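Note sheet for the following structure.
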Amino acid sequence: MHSKLIQGNTEMQNEMEEKFENWRGEEAISGKHGGIKAASIACVVEVMENMVFLAYSTNFMMYFTKSMHYPSAQAANMVTNFIGTSFLLTIFGGFVADSFLTRSAAFVIFCSIELLGLILLTLQAHYPKLQPHGDKTPSTLQATILFTGLYTVATGVGGVKGSLPAHGGDQLGSRNQRLISGFFNWYYFSVCFGGLLAVTVMVWIEENKGWSSSFYITTAILASALFIFSVGFPMYRFKRPIGSPLIRMVDVLVSAARNRNRFVTDAEITPSHNSTDKSIHYNKFKFLNKAKLNNKISAIHIEETRTFLALQPIFLSTIVMNCCLAQLATFSVQQGMAMNKKLSRSFEIPVASLNAIPLFCMISSLALYELFGKRILSSNDERSSSFNLKRIGCGLALSSVSMAVAAIVEVIRKHEAVHNNIKISVFWLEIQFVLLTFSDMLTLGGMLEFFYREAPASMRSISTALGWCSTAMGFFLSSVLVDVINAVTGWLRKEDLNESRLELFYVVLCVLNTLNLFNYIFWAKRY
């Protein structure tokens, strides 16, 4: 009963805070502005944007090694650093969307930035003078153009992914939790469908028609996505930012620190009967209550801080899993290049296209869940935080299994290559691809919905960005682990995989992720 009252208070608070306008600055009209049709545009645009992003990020390992002639280890770090930066910048994009712009305006600006970066990469791929000749690595000018284009794209991707999910959720309001849950499932369906198109159609174009053609097509698709989103402005509803929530958080923390030794009675810092600061996290971080001694800080500001801090252990516990996920774009690609990729005498499957089967399975499972699964699950199970926490935990467990399988497959591949001079089928990699892809579906899909639901209304862009930021930190951690393991053991220094000890690297990741799973369970039980 008490938990229901808390939920009701929280929902009423969110509705009071959420005052929406139309694109002309007038009060939004229910039925005319927002709704399912407006939210569905975000899903359509995400299909196109994620198709563009994954079209190059999943196959950049080939581009950097074959076209730009970087060594494999350096190329692997370039890939993980690019993807990591893209997702890390979602925090910046979410901050801008929550603090200074509407979420729709933030999307338009950052999508335009991503488009400019793509145009620069397209020009480099088109003109031979801007590419290295022979087996030489890029010159200073060529490398400058490459990295400028890459990180302009990364900045745009960060802003787009930091603002678009929260914008879509805003079109539906916070009272109908089932509708919100449905939106995030279909949004992740869009992420997966865009990925499926990327690793099939776009990777085939990159492998057979060249990177120049691929960049032309992805540029046109992204420009179309920007146009489609802009057309929907008259039907959107917008929430005007009321200042930076991060600055308010800092004010709360500073005030609590200054008053930490001050003796006060419970009545001075305990919320009144009608206070909004009665969330499920009230008994956590009680030291923040002393911030109320500052008359400029309200109970809502303290609750924002308390809620955001409570999300951090969940966020931090998912980073190692994304370190495992990073291998699909790096060493798994390198493994595939050393395996038999022929389906027939005339057709070879691109390694990056191995993602197609698990992505198709994910798309099917998400659609079946939305159409039939909700009738099986009780509304209480579906709407509870524990449902998404369990979903994330299952994803973390699957990633440990995937790394164990990856180590076994590498042992088999190397044994056959070294002792029997046989290249085993590339489809041996499909097992780890399937496990890691489903792990990502459970973890990231659960995080996006969990963080949106749990976050204060004024911090939803930043909070949903935590899901993408976890991916970023995982990719950066992968780069650090590769450098550390190379420095200590030298397992991954050899260009020839048959002389490397990649299987031991996978074992290290399996052990780290299993330990991290126990850490996650500890924090999830206390949320």
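Any Cβ shown, glycine's included, is placed from N, Cα and C.
Feature annotations, reproduced from TrEMBL:
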TRANSMEM  38-58  transmembrane segment
TRANSMEM  78-97  transmembrane segment
TRANSMEM  104-123  transmembrane segment
TRANSMEM  143-164  transmembrane segment
TRANSMEM  185-205  transmembrane segment
TRANSMEM  211-233  transmembrane segment
TRANSMEM  308-329  transmembrane segment
TRANSMEM  349-372  transmembrane segment
TRANSMEM  392-412  transmembrane segment
TRANSMEM  432-452  transmembrane segment
TRANSMEM  464-492  transmembrane segment
TRANSMEM  504-523  transmembrane segment
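The stretches the transmembrane segment (464-492) and the transmembrane segment (143-164) are in mutual contact, each linked to the other by at least three Cβ pairs under 8 Å (pairs 6 or more apart in sequence).
In this chain, the transmembrane segment (104-123) lies out of contact with the transmembrane segment (504-523); the count of Cβ pairs under 8 Å, excluding pairs fewer than 6 apart in sequence, is fewer than 3. Comparing 143-164, 392-412, 432-452 for CB pairs under 8 angstroms to the transmembrane segment (308-329), the maximum falls on 432-452. Proximity of distant same-chain residues to the transmembrane segment (211-233), defined by a Cβ-Cβ separation under 8 Å and at least 6 residues beyond the stretch ends, is recorded for 23, 38, 41-42, 44-45, 48-49, 51-52, 55-56, 63, 67, 104, 107-108, 111-112, 114-115, 118-119, 121-122, 125-126, 202, 205. At the 8 Å Cβ threshold, with sequence separation of at least 6, the transmembrane segment (185-205) lacks contact with the transmembrane segment (104-123), having fewer than 3 such pairs.
Listed as Cβ neighbours of the transmembrane segment (432-452) (distance under 8 Å, sequence separation of 6 or more from its ends, same chain) are residues 165-166, 169, 180-181, 184-185, 187-188, 192, 311, 314-315, 318, 321-322, 324-325, 327-328, 332, 354-355, 357-359, 361-362, 365-366, 385, 388-389, 391-392, 394-396, 398-399, 401-403, 405-406, 409, 460, 463-464, 466-468, 470-471. Beyond the ends of the transmembrane segment (38-58), by six or more residues, the same chain brings 79, 82-83, 86, 111, 114, 118, 121, 157, 160, 164-165, 167-169, 171-172, 183, 186-187, 189-191, 193-195, 197-199, 202-203, 206, 214-215, 218, 221-222, 224-225, 228-229, 232, 235-237, 328-329, 352, 355 to within a C-beta distance below 8 angstroms of the stretch.
Same-chain neighbours of the transmembrane segment (349-372): 58-59, 62, 182, 185-186, 188-189, 192-193, 195-196, 199-200, 203-204, 206-207, 328, 332-333, 335-337, 341-343, 426-427, 429-430, 433-434, 436-438, 441, counting only residues six or more beyond its ends whose CB sits under 8 Å from a CB of the stretch. For the transmembrane segment (78-97), the list of distant contacts is 53, 57, 60-61, 64, 70, 103, 106-107, 110, 150-151, 153-155, 157-163, 166-167, 241, 244, 246, 326, 329-330, 461-466, 468-476, 478-479: same-chain residues at least six beyond its ends, Cβ to Cβ under 8 Å.
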